[in-house]
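A.B. asks: Okay, these came from TrEMBL:
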type	residues	note
TRANSMEM	28-58	transmembrane segment
TRANSMEM	65-83	transmembrane segment
TRANSMEM	89-107	transmembrane segment
TRANSMEM	152-172	transmembrane segment
TRANSMEM	184-203	transmembrane segment
TRANSMEM	209-228	transmembrane segment
TRANSMEM	235-253	transmembrane segment
Amino acid sequence: MATLFFYLAPAMLGTVLDIDSINQTYSALWGLVGLWLFLRCQGIVRIVSYVICCFLAMFSKENGVLWFAIIPLFAWGFCRLSLRRLYWFVSLALACVAIYGIARLSLPDNPIYANEEYYNLTFAAKFKNIAKFLALTCIPTDYVGIVQRTPFGMVRAVVTFLLAMPFCLSLFVSKYCYWRERAFWTLIVCILIGASIHLATLFTVMHAYASLGLEALLVAFLLNKMILSRRIMSFFILYMVAVFAIATSHWEAARASGFMAQRMGENTLRLLNTPVDSVYSITLEDTVASYSSFIVPPAKAFGWGNAAQHASGYRWPQTWRDTSLQRKDIAAIPRLVKQARREGYRCVLIYDGESISVASR
């Protein structure tokens, strides 16, 4: 049951269906492997596997550094590690992190583009991160339907929520007696640690994956305490119906976004007709809602020219430059077209949603 919870969660789909999330996947993988080996092994094998797996998790994605704290804390919470040994592993973790930090800071400084959303420290941004975390962790519903805001989508969201909640409530609320156990609160703290970096910076569906494995372990812990009565099994069947519907909706939305990118790339090549070596595109920013890699606006789906280059097998155009404009700045288009011609671009295209027009050639 916990395995199905993991594999059908929107956070899992938002990760494996995203084009830039393989680092998050491997970071969680090595962290969970390290936890498994830590609980199974003893002595020098435990220490070596702990250090190696945590470093691999950190090298995959820097939030993997949190596994240095999660693994020994988890073992202590389940009485697999004494408090004295916990302190020893905390000291080892601090030493490893210090070594990595020194090596990291000794690298040459190379200023690159940084997403400003990561540095948004306003209360509203942090509250939004926490709300996303709680929603994706505790509230199973069809978020695609909510973002689409169509009558059918909203009905789908409400129905999946009502089908899934009886099992969730029976799992977490009706068994509050287990809340007094150290293992329960250890799992809660480990989940919060796993999500902490993203809660402090930028939190999306993909980032919920960092602690999803620990959430599945929490589900398994509570299920193991329950007597699987006919009522619980009925609730679980309803839950499975809901999450299968949610997963299907998310997969279909991601598929539609991918086909839109393919369609825009092919239409661009069809409009150009003959190969050109350089293209300058002006993209009007979309006003439609977006949701991770599931509901993607045309501009982002097109990838600022990458979809067209992919459609040609990366044979042409060799050079593609894009400028995004807000719709209130549409008067700047003639100036940008002249600038592109002066810089030697062979063709200038304007993208308004999926609509494409040639401004200069």
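Every residue gets a Cβ built from N, Cα and C, even glycine.
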A.B. asks: When you check the transmembrane segment (209-228) against the transmembrane segment (89-107), do you get at least 3 Cβ pairs under 8 Å, counting only pairs 6 or more apart in sequence?
C.D. replies: no
A.B. asks: Going along the chain, which residues at least six beyond the ends of the transmembrane segment (235-253) come within the CB cut-off of under 8 Å?
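C.D. replies: Contacts of the transmembrane segment (235-253) (Cβ under 8 Å, skipping residues fewer than 6 from its ends): 1, 4-5, 8-10, 13-14, 17, 140-145, 156, 159-161, 163-164, 166-168, 170, 291, 294-295.
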A.B. asks: Please indicate, using numbers and ranges, the residues of the same chain that are 6 or more beyond the transmembrane segment (152-172) and have a C-beta under 8 Å from a C-beta there.
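C.D. replies: 138-146, 219, 222-223, 226, 231-232, 235-236, 238-239, 241-243, 245-246, 249.
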